Amino acid sequence: MEWENHTILVEFFLKGLSGHPRLELLFFVLIFIMYVVILLGNGTLILISILDPHLHTPMYFFLGNLSFLDICYTTTSIPSTLVSFLSERKTISLSGCAVQMFLSLAMGTTECVLLGVMAFDRYVAICNPLRYPIIMSKDAYVPMAAGSWIIGAVNSAVQTVFVVQLPFCRNNIINHFTCEILAVMKLACADISGNEFILLVTTTLFLLTPLLLIIVSYTLIILSIFKISSSEGRSKPSSTCSARLTVVITFCGTIFLMYMKPKSQETLNSDDLDATDKLIFIFYRVMTPMMNPLIYSLRNKDVKEAVKHLLRRKNFNK
């Protein structure tokens with residue numbers, strides 16, 4: 001008799017901004033422009049980091065990984081979100097939703113871990129420059145980057161399997177732009193406290209641990225910078241560190257707000273909370289990937305020279 005109250009869902013309806021056509025049009029234009037900037041900025045960085053031999057260093061290897069990751073991260077959700085803004089039928093299959101959840105969580109976890117690895121790389125380069133070639137050899141930095149991807153994939157696979165095994169009732173309306181794992185969990189007609197606890201533990205491990213490494217690394221870097229006698233020599237590294245910390249705090253902070261609040265206790269003002277989650281989505285899914293190329297590399301002298309060299313070579317070939 002218990003199964004009579006349940007139906008096997010084959011698709012979900014993504015509510016997004018349904019009922020607000022003007023907002024949908026505004027968000028479509030805004031997110032589309034940001035997505036194009038993300039593709040151009042990160043694509044350029046990947047291209048020059050491969051083609052320019054001077055950029056074949058651990059730092060640019062990590063930056064290339066970050067750029068590729070940001071393109072993948074946004075592509076898992078942004079195109080489908082843009083289509084849903086213009087379409088009256090805003091549905092996604094159960095299997096498509098599971099794939100979207102897996103890719104989204106995998107990319108998010110990978111980026112958190114990779115940002116921690118990149119902070120450690122900069123700490124060694126600035127605070128221990130003589131030992132840098134030994135510590136950050138190819139045998140070290142390639143496994144570091146690969147490990148970030150593996151951690152993200154494993155964590156996401158575990159989380160996604162736990163969610164798709166939940167029983168879902170007749171309510172198939174996801175109050176979000178995409179299949180965010182928490183938004184999908186809300187639809188389960190079962191106790192999700194166990195899922196929330198596992199998500200809390202993994203988020204703490206893969207978000208706060210890299211964040212702690214980032215804070216410690218940049219604190220030591222800043223202390224090392226202040227030992228430089230020349231104020232001119234301090235200004236550029238200081239501004240670079242502050243800019244990078246801003247991006248990291250924006251990315252990690254929004255994910256912290258998204259995944260570490262007790263969702264099972266959200267009974268009052270749920271509409272306001274869902275609106276907040278949608279706003280957070282814009283920040284950590286679009287803003288951070290758009291800012292990363294500018295903050296981490298496109299202001300860098302070596303990168304600017306590499307871009308100029310690439311353009312000159314292209315014009316010469318013509």
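Our numbering is plain: 1 for the first residue shown, then up by one each step along the chain.
Quick reminder: no glycine exception, Cβ is built from N, Cα and C everywhere.
Just so it is clear, the model here is predicted, and its values are computed rather than measured.
The disulfide bond annotation in Swiss-Prot covers CYS97-CYS189, and the record cites sequence analysis as its basis. Residues or ranges marked as N-linked glycosylation site by Swiss-Prot on the basis of sequence analysis: ASN5. Residues annotated as topological domain 'Extracellular' in Swiss-Prot: 1-25, 76-99, 161-197, 259-277. As annotated by Swiss-Prot, topological domain 'Cytoplasmic' applies to 47-54, 121-139, 218-237, 299-318. Swiss-Prot lists 26-46, 55-75, 100-120, 140-160, 198-217, 238-258, 278-298 with the feature transmembrane segment, giving sequence analysis as the kind of evidence.
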Mean per-residue pLDDT computed across the topological domain 'Extracellular' (161-197): 82
Tell me, how many other CB atoms lie within 10 A of the CB of CYS97 (disulfide bond), whichever protein chain they belong to? 24
State the residues, same chain only, that lie 6 or more residues beyond the ends of the transmembrane segment (26-46) and have a CB under 8 A from a CB inside it; answer 'none' if no residue qualifies. 17, 63-64, 67-68, 70-71, 74, 78-79, 81-82, 85-86, 282, 286-287, 289-290, 292-294, 297-298, 303, 307
Long-range Cβ contacts under 8 Å made by the transmembrane segment (140-160), restricted to residues 6 or more beyond its ends, are 58, 61-62, 65, 98, 101-111, 113-114, 117, 121, 181, 198-199, 202, 206
When you measure from the Cβ of CYS189 (disulfide bond), how many other Cβ atoms are you left with inside 10 Å? 13
Counting only residues at least 6 beyond its ends, the same-chain positions whose CB falls under 8 A of a CB in the topological domain 'Extracellular' (76-99) are 9-18, 24-25, 27-28, 31-32, 35, 107, 160, 163-164, 174, 177-179, 184, 285-286
Can you work out which residues elsewhere in the same chain, 6+ from the ends of the topological domain 'Cytoplasmic' (121-139), have a Cβ less than 8 Å from its Cβ atoms? 58-59, 62, 217-218, 220-221, 224-225, 237
